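Some notes on the structure that comes next.
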Amino acid sequence: MMLIIGLGNPGKEYEHTRHNIGFIALENIAKQYETSFSVKKKFHCEIAESTNNGQKLIFVKPTTYMNLSGKSVIAVKTYYNIPLEKIFVIHDDIDLELGKIKFKTGGGNGGHNGLKSIDGIIGNNYHRIRIGVGRPQNSQDVADYVLNNFSKTEYVIAEQAIDKITDNFNLILENKLEEFKSKMV
């Protein structure tokens, strides 16, 4: 069993924001496993389930807003009894250039409030797929920046990163994590 979480904020107004690239990527990955999301209030999320080669896949989009993502993660993790090494979190990263991807296990939260929430509840020894959204170019507040929509040009670059993750996601399912990591460079 594997838990794949995309971080973002619920609501139409956030749908295409930089902070929601985790949701966007997760939806793209889930689509290839022919599943759809439904709201599960007891888990504080939208959830989709599928199987691949006998392995159950649970896709989760927390509906708690970014800063409380851990509430949803612990609810699903506990219900399904999923160990940390089978948890993958996809999220935006302002410290990475737009479209760059990094895969890592454990580590700090880099000031990301969604990760802070998760780390505070389950610890930090889970896998992260970090998708670069870049930093604001001027004196724009970081919170405003990540809560703004991508420009059309930026969205094309973001989609290319999402496609790269989706196209290679099978490597994660096959537990070829180092190979997945090398393909993200």
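From the backbone N, Cα and C atoms, a Cβ is placed for every residue, glycine too.
Database features, via Swiss-Prot:
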type	residues	note
ACT_SITE	His19	active site, proton acceptor
BINDING	Tyr14, Tyr65, Asn67, Asn113	tRNA binding site
SITE	Asn9	site 'Discriminates between blocked and unblocked aminoacyl-tRNA'
SITE	Asp92	site 'Stabilizes the basic form of H active site to accept a proton'
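Within 8 Å of the centroid of the Cβ atoms of Tyr14, Tyr65, Asn67, Asn113, where the record puts tRNA, the same chain has further Cβ atoms from Asn9, His19, Thr64, Met66, Leu68, Ser69, Gly114. The secondary structure of Asp92 (site 'Stabilizes the basic form of H active site to accept a proton'), as reduced to three states from DSSP, is extended strand. Among the recorded positions Asn9, Asn67, Asp92, the ones whose Cα is located within 10 Å of the Cα of His19 (active site, proton acceptor) are Asn9, Asp92. Cβ-based neighbour count (10 Å, all protein chains) for Asn67 (tRNA binding site) stands at 12.
Taking every pair among Tyr14, Tyr65, Asn67, Asn113, the residues recorded as binding tRNA, the greatest CA to CA distance is 16 Å. Asn9 (site 'Discriminates between blocked and unblocked aminoacyl-tRNA') and Asn113 (tRNA binding site) have their C-alpha atoms 12 Å apart, to the nearest angstrom. Its Cβ placed at the centre, Asn113 (tRNA binding site) has 17 other Cβ atoms within 10 Å. Of the recorded residues, Tyr14 (tRNA binding site) and Asp92 (site 'Stabilizes the basic form of H active site to accept a proton') place their C-alpha atoms 13 Å from one another.
Within 10 Å of the C-beta of Asn9 (site 'Discriminates between blocked and unblocked aminoacyl-tRNA') there are 23 other C-beta atoms, taking all protein chains into account. The two recorded residues, Asn67 (tRNA binding site) and Asp92 (site 'Stabilizes the basic form of H active site to accept a proton'), show a Cα separation of 13 Å.
Within 10 Å of the C-beta of His19 (active site, proton acceptor) we count 23 further C-beta atoms, all protein chains included.
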